[in-house]
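What follows is a single structure, written as structure tokens, with notes after it.
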Amino acid sequence: MNFLSTFVTFENLHEVRRLCHWGPVIALSVIAICSTMAILDSIIWYWPLDTTGGSINFIMLLNWTVLILYNYFNAMFVGPGYIPHGWKPENQLDTQYLQYCRVCQGYKSPRSHHCRKCNRCVMKMDHHCPWINNCCGHLNHAYFTSFLLLAPLGCSHAAFIFIMTMYTQLYERISFGWSTVKIDMSAVRQFQPLMPFSMPAFAATLFALGLALGTTIAVGMLFVIQMKVILRNKTSIESWIEEKAKDRIQHYQTGEEFIFPYDLGSRWQNFKQVFTWSGAPKGDGIEWPVHPKCHQHTLTIEQLKQKADKRVRSQVQYRAVEDYNGACCPLSKGLQTFFRTPCTEEPRIPLKKGDTILATRGTKWWMYGDKALSEEQIIGGERIRGWFPRRCVEKCHYDTAASDSTSEKKVN
């Protein structure tokens, strides 16, 4: 009991609730199906106690499963690290360079962002991942990226086992016409499997093969994306901020030179900021090593400039011309709107004909913005923003910027 009490306490027991979400349920189900089927098929195809090769194959398979689950649960339960409620910089003059979070009642430190899902300001936030039902950030970035590497490797091994099991078991039952394909199966035929390879076993193996191949491709692509930003010591959000900085400078022709402050100039140095032998990343999540030509608030100052620019550009209003119930994939709004729905957990906002919206970004079929609220709602701190179909609104052809000047008081 003393051993268990060191892991399960009243302080962290509530974190177990993160498992009660469609993301972890699906992810763990895929891991369980692929691992279980790979173990069973290994016994059928290459009995681990009969040959050295079979033992190595079986041990490697178990090793993949343990490492994948270890990094997955660490990414979920260690978490990204959160900025304390009511946080302020030691130097009060620095507050002019920082954004204020009304929800957390404190300032956002450099590289932190507020997550609406977690309802906290997250240290070095990369994104909120539904598959771990948590944010990927400062403390769990290495665990999350390691999981993205190990999952395709383990699934590739499992896929190989599935293919060899089906081939060896069906070799003498079905004529494939592969006269040129010759595989030496003398070693694997020395042992008669404990379990017969029946039709249900074949169907289950084929299903697991599809899961393994799909996971290898999808998660492998995510790993490549993550490594690209890590080797530049960025996050996905910061990459987007950098792109908007270039767009702002080009749009206003300011002649500024924006240097990303956290790129240390060496991929190896950037890599070591996230991956360390101890497993804990470098830094405290508040202050960061920066480029010689930059300082701690270079990026936060750029964010404030972009917020001001966003308010200026969003003065063009849109008026709802169709009702929209807030559905994620509204079939009634057209097939293109249905199939091109944004792949994000950001909310959708219901619209009624006549509502006014300040759009800030969008795609060809969807738009994102803030719904214009009454003065009482604004004073109360209420804010309604999200995605809505572009066909449901039309651009207002009159200047209403003065009537909505109170929207500038909103704080993200």
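Cβ from N, Cα, C; glycine included.
Among the features that TrEMBL reports, transmembrane segment is placed at 25-47 (among others).
Packing against the transmembrane segment (53-73) from elsewhere in the chain are residues 27-28, 31, 35, 38-39, 42, 46-47, 132, 143-144, 146-147, 150-151, 153-154, 157-158, 161, 187: each is 6 or more residues past its ends and has a CB under 8 Å from a CB in it. Annotation source TrEMBL lists transmembrane segment at 53-73 (among others).
What TrEMBL records for 97-241 is domain 'Palmitoyltransferase DHHC'.
For 147-167 (among others), the entry in TrEMBL reads transmembrane segment.
With a threshold of 8 Å between CB atoms, the same-chain residues lying at least 6 positions outside the transmembrane segment (201-225) that come near it are 30, 33-34, 37-38, 40-41, 44, 145, 148-149, 151-152, 155-156, 158-159, 162-163, 165-166, 169-170, 195, 236. TrEMBL lists 201-225 (among others) with the feature transmembrane segment.
As annotated by TrEMBL, domain 'SH3' applies to 318-396. In the predicted structure, the domain 'SH3' (318-396) carries a mean pLDDT of 88.
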